[in-house]
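Here is what TrEMBL says about this protein:
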- 26-47: transmembrane segment (TRANSMEM)
- 53-72: transmembrane segment (TRANSMEM)
- 93-117: transmembrane segment (TRANSMEM)
- 129-146: transmembrane segment (TRANSMEM)
- 229-250: transmembrane segment (TRANSMEM)
- 271-295: transmembrane segment (TRANSMEM)
- 311-333: transmembrane segment (TRANSMEM)
- 354-379: transmembrane segment (TRANSMEM)
- 506-528: transmembrane segment (TRANSMEM)
- 540-561: transmembrane segment (TRANSMEM)
Amino acid sequence: MEKAAGSAAVGGSYPQKNAEILSSQYGINLFLAGLLLTFAWAVHAVGISKSHLLSYLITLMLIQLLWMLWYLCRSCTQRRLIRDKDTHAGARWLKCGITLFAVITLILDSFKIGYYIDFSNCLSPTEGIFPVTHAVHTILQVYFLWCHAKDVIQSFKTLERFGVIHSVFTNLLLWTNGVLTESKHQLNEHKERLITLGFGNITIVLDDHAPQCNCTTTTLCSIFSQGIYYLYPFNIEYHILASTMLYVLWKNIGRKVEHHQQNKTPFKFHGITVGMIFGLIVLTSTIAIVVVYLIQIGGSKIKSELALTMFYLHAIFVLALMCTAGIVALLIYRLEDRSLDNSKNPARKLDAELLVGTAAGSWLLSWGSILAIICAQAHPKYTWYNLPYSVLVIIEKYIQNLFIIESIHREQEKVNDDIKTLRIVTVSCGSTLSLTPLYKEIYNGRATRDTGEVPCLFKGSICGRENDGAGVDTEETGQDNSSVMHSASDFSFCSRSSVTNNKRRILKNIAAFLFLCNLSLWIPPAFGCRPEYDNGLEEIVFGFEPWIIVVNLAMPFSIFYRMHSAASLFEVNCKT
């Protein structure tokens with residue numbers, strides 16, 4: 001009988017495994033077809049226009065909309081059923097972050113609609129349909145993620161796997177489209193800047209996809225066309241966050257969840273003042289550097305060189321601070337004896353893989369810059385700052401990844417269930433005086449009342465008692481022998497607690513500081529401050545086209561790494 005049951009269980013897993021493989025292959029082919037279509041439009045392939053790409057994306061979004069509506073309707077009819085939830089997936093702060101990016105994405109869609117209206121005489125109707133469809137898709141998808149990101153789907157599993165994986169790769173294609181459009185705009189600006197730096201030996205041909213007609217309202221067209229490219233970074237982050245949340249939902253389909261209480265870890269500003277102050281200083285100075293950089297770069301050769309030098313010096317200082325903070329945090333972890341949580345957790349596993357995978361993008365750029373500095377025959381003065389900058393980028397990500405991955409895998413401190421109260425005992429003038437006891441409920445978070453009998457604080461050593469007259473008379477004879485033991489035990493407990501609290505406070509400040517630093521380092525590349533484009537040395541060594549291809553492939557992962565690191569560090573701060 002046991003063998004039959006075991007074989008049935010094993011046999012039942014095969015259809016689900018096949019469904020997982022088939023759905024993943026469906027998603028990959030969907031993505032590759034869209035990727036090839038995007039590439040064909042980017043290189044001006046014969047017979048491929050932007051309307052073909054947008055039609056494909058519109059079709060994918062409409063299919064996803066139909067699936068989400070079907071899922072929401074089915075969930076509404078079964079709302080009384082108790083469903084399994086993955087408490088680690090779809091954290092509230094993550095939902096708030098994706099909502100913020102979605103709101104800015106809706107503003108971007110409204111700008112695109114206005115741009116289409118102004119150039120409607122020479123633009124394809126798909127360029128007007130796309131932002132409308134995308135806006136509806138964004139609104140419904142955010143609602144879907146808010147309500148169902150934690151779901152562990154146990155019914156219609158095969159169909160749901162295809163629906164969820166379709167949504168994952170639809171968002172990845174929308175992310176790719178946004179990255180390509182934004183990169184082409186940055187590339188045109190970069191080519192113009194190279195002229196001011198004196199790199200005249202590089203062939204510069206602008207890649208122009210501008211409409212071939214006049215705008216009906218010149219002022220509005222300028223606002224829409226410029227504003228669109230400043231909003232693209234938020235749209236890019238929105239789609240990559242949505243795809244990661246949907247991927248976790250896909251991995252959770254058919255999963256057996258262990259039912260246990262998940263401790264809530266709210267974010268608190270208390271105790272992280274130092275980290276927040278230093279982090280805000282870095283954030284403010286970074287914004288100022290970016291503004292000056294964008295104003296100075298391309299103005300003249302001297303101004304461009306000064307802008308690059310200023311950027312490198314500021315980045316070197318910030319990265320050095322981040323390396324120091326990360327090393328201190330890792331040293332504190334080495335001094336603690338706490339086991340790691342190795343339980344199955346798709347969300348945590350994905351976080352660790354994304355950190356290492358996306359860090360490879362900036363590592364590739366850094367090694368390219370190091371090789372260019374070593375191999376170049378001529379070295380303008382500002383390019384030498386690129387060497388320590390590139391080395392620090394590699395080291396900082398290495399240290400930070402270790403800190404974050406260990407932090408999210410560390411088990412939270414467990415407190416003995418028997419310890420419900422804490423009484424501070426002092427010894428003064430040969431008599432034991434019991435101060436007013438402090439009661440704290442460990443699990444319920446409520447204050448308990450004194451029932452006259454306090455549980456033992458240390459098994460076999462100290463036991464709290466009520467300070468009544470009878471108790472004092474009984475203990476007078478053995479007071480001299482026991483008072484030393486009581487004092488030593490209390491002092492030892494308080495010392496250990498104080499050391500633990502100090503370590504915890506330092507770790508929280510480090511996490512808060514690194515959180516703000518990663519937000520700071522996300523801003524420059526996201527808004528066009530990219531020295532990998534502008535210093536010109538790599539283009540001379542590797543060639544203009546090869547290096548631009550490397551930068552365009554690696555830069556999106558580097559940008560995403562900073563935002564994902566910031567999100568992970570926020571979680572670390574809450575758990576510490």
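Glycine is treated like the rest: Cβ placed from N, Cα and C.
Listed stretches 26-47, 53-72, 271-295, 506-528, 540-561 were compared with the transmembrane segment (354-379); the greatest number of C-beta pairs under 8 angstroms is found for 540-561. Long-range neighbours of the transmembrane segment (271-295) within the same chain, counting only residues 6 or more positions beyond its ends whose Cβ lies under 8 Å from a Cβ of the stretch, are 307, 310-311, 314, 318, 321, 505, 508-517, 519-521, 523-524, 527-529, 573. When Cβ distances are compared across the two stretches, the transmembrane segment (53-72) makes contact with the transmembrane segment (26-47), since 3 or more pairs at least 6 residues apart fall below 8 angstroms. Long-range contacts of the transmembrane segment (506-528) within its own chain (CB-CB distance under 8 A, at least 6 residues past either end) are made by residues 186, 189, 230, 233, 271-276, 278-280, 282-283, 286-287, 289-290, 293-294, 311, 315, 318, 321-322, 325-326, 328-329, 332, 400, 403, 407, 555, 558-559, 562-563, 565-566, 569-570, 572-573, 576. Beyond its flanks by at least six residues, the transmembrane segment (26-47) meets 53, 56-57, 60, 162, 165-166, 168-170, 172-173, 176-177, 180, 184 of its own chain at Cβ-Cβ distances under 8 Å. Proximity of distant same-chain residues to the transmembrane segment (540-561), defined by a Cβ-Cβ separation under 8 Å and at least 6 residues beyond the stretch ends, is recorded for 175, 179, 183, 187, 199, 201-203, 233, 236-237, 240, 354-355, 357-362, 364-365, 368, 371-372, 375-376, 397, 522, 525-526, 530, 532-533.
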